[in-house]
Amino acid sequence: MKDIKCFQKTGNILKFEELRAKLKINDKNDVSPLEIKVIDENSEQYGISKETLMENAGRAVYEEIVNLNVDFSKTYLFCGTGNNGGDGFVIARHLANNFATFVVLIGNERKIKTSETQRNFNTVKNMEFFGNLDYANILDDERAVELLKTIEKELENKQNDHILIIDAMLGTGITGILKNPYSTIVDYLNVLKSKYSKKLKMVSVDIQTGNLNADLEVILHKRKFENKNKNFVVKDIGIPKYIENMVGKGDFYLLNERKQNSHKGQNGNVLVIGGSKEYHGAPVFSALAASKFADIVTVASVSNVMNTVSNYPELMPYELTGDYIVQNHVDELLELSKNYDCVVLGSGISVNSDTKEFVNSYLNETNGKVVIDADAIKLIDYSNFKFKNNFIFTPHKKEFEYIENYIESSGFKSTVVLKGSLDIIFNSNNIKMNITGNQGMTVGGTGDILCGIIGAIYACNDAFPSACCGTYINGYCGDLLEKEYGYYYNSTDIIKILPKALKELLY
């Protein structure tokens, strides 16, 4: 993969910033838990480990607790088995230097979910052994209530001025209705808060658990849509801004998982419309790439292309009359398209007036998902064209000139992959850049492969993540080949290594 440093002063970065300004896309103030998962994964890929982020998060919360300027007689940390709990273990390590600290793990010690959480838990256990803090493990309601009653007795003790509860139970891992013992703990703590509001302070890490009546939410990196507490502070944990603009392995979390009990056709049906009397290989490259991901791939083209398609039994042929795809084929292909989840249009379709009529009529009338590439981009009458949200364009720099003047209009709803040494993927709400790939990918056919990969992913997913992940995969294949062969490979080699890339990125 190319070093990101090499792009800092190139025209590609300038183009990215120019497009971002034109589209008026600003940094997001609020993100979803899934988006945070993507950011965390991509941060590690680009040099900032999850362990570093956890350390930064725990330290940030600790500093906010110190800023409360309260001399707590005791602090209790309720920690789950995920990364929110890991943040809690880091907080505990810092708190133990200044306060009597009690760490509570909710869940089985053997089922801690990540290696970074496990390492910080091990540190807490070592501190318990040497007497630096106390520790308890809660597996059920009975043990939870027992501990909560102990806290209640301490609150009743007039000698204890203030007690602090740290909620590091679930964070962004909250899904659905709270289960026991979490719900029992939250309900009991809320009762204690109502009785001892002056003595009991509660701080939630990132996102408060359920309806916990926390005094403060210490939000990490950015606000989440789930943050409801009016009293909050957002803390920087060291994630550079550019990370959110990068496509990385984390983006694959945004794709739907392939279901174990699925049957043929449920993982995407793709129709490739392309090819002509002169160009036989381009639609086949698109179709072969799509076939590595989708269940069923059909090539709709003229007879000359069918001769090439017949060499690949994994592809289904649909023969059209004549030497070119023209206006007479519109109704036939619109009807055929209804049987497919996504259409890939344009590879090798050729540039002539009759094909131009077809492309414009087809795109005007279809409501389905379409990836538009190559000659199809050149043939569109943009003065009368609707940039629908179900369209993905995959132009190179020269082809992008047809589109660029329209991206600032209110009617621009499509997704675009601007191909280059640095790929720029954008729509009216999002923009990202991809740095996978290398100089070896200048060979013919790589663009056809790209639109096939994107089309196969788009068949079962939303447009923007499909465009991002498809672009990443295509370049990743090139990077795998570069490691073995340098820049001396071709598009057939990319097709062959595609299953390896998909396995490494998707499973």
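For all residues, glycine too, the Cβ spot is worked out from N, Cα and C.
Among the candidates Asp167, Asp236, Asp251, the residue that TrEMBL names alongside Asn84, Thr209 for the K(+) site is Asp167. For Thr175 ((6S)-NADPHX binding site), the nearest of the binding-site residues Asn84, Asp167, Thr209, Gly447 in terms of C-alpha separation is Thr209. Compute the center of the Cβ atoms of Asn84, Asp167, Thr209, which mark the site for K(+); besides them, the chain residues with Cβ within 8 Å of that center are Phe78, Gly80, Gly88, Ala168, Met169, Leu170, Gly171, Ser204, Val205, Asp206, Ile207, Gln208, Leu212. If you take the C-beta of Thr172 ((6S)-NADPHX binding site) and look for same-chain residues 6 or more apart in sequence within under 8 angstroms, you find Pro33, Ile36, Lys37, Asn84, Asp206, Ile207, Lys224, Glu226. Following the DSSP three-state reduction, the secondary structure of Gly86 ((6S)-NADPHX binding site) is helix.
In the predicted model, residues of the domain 'YjeF C-terminal' (247-505) average a pLDDT of 97.
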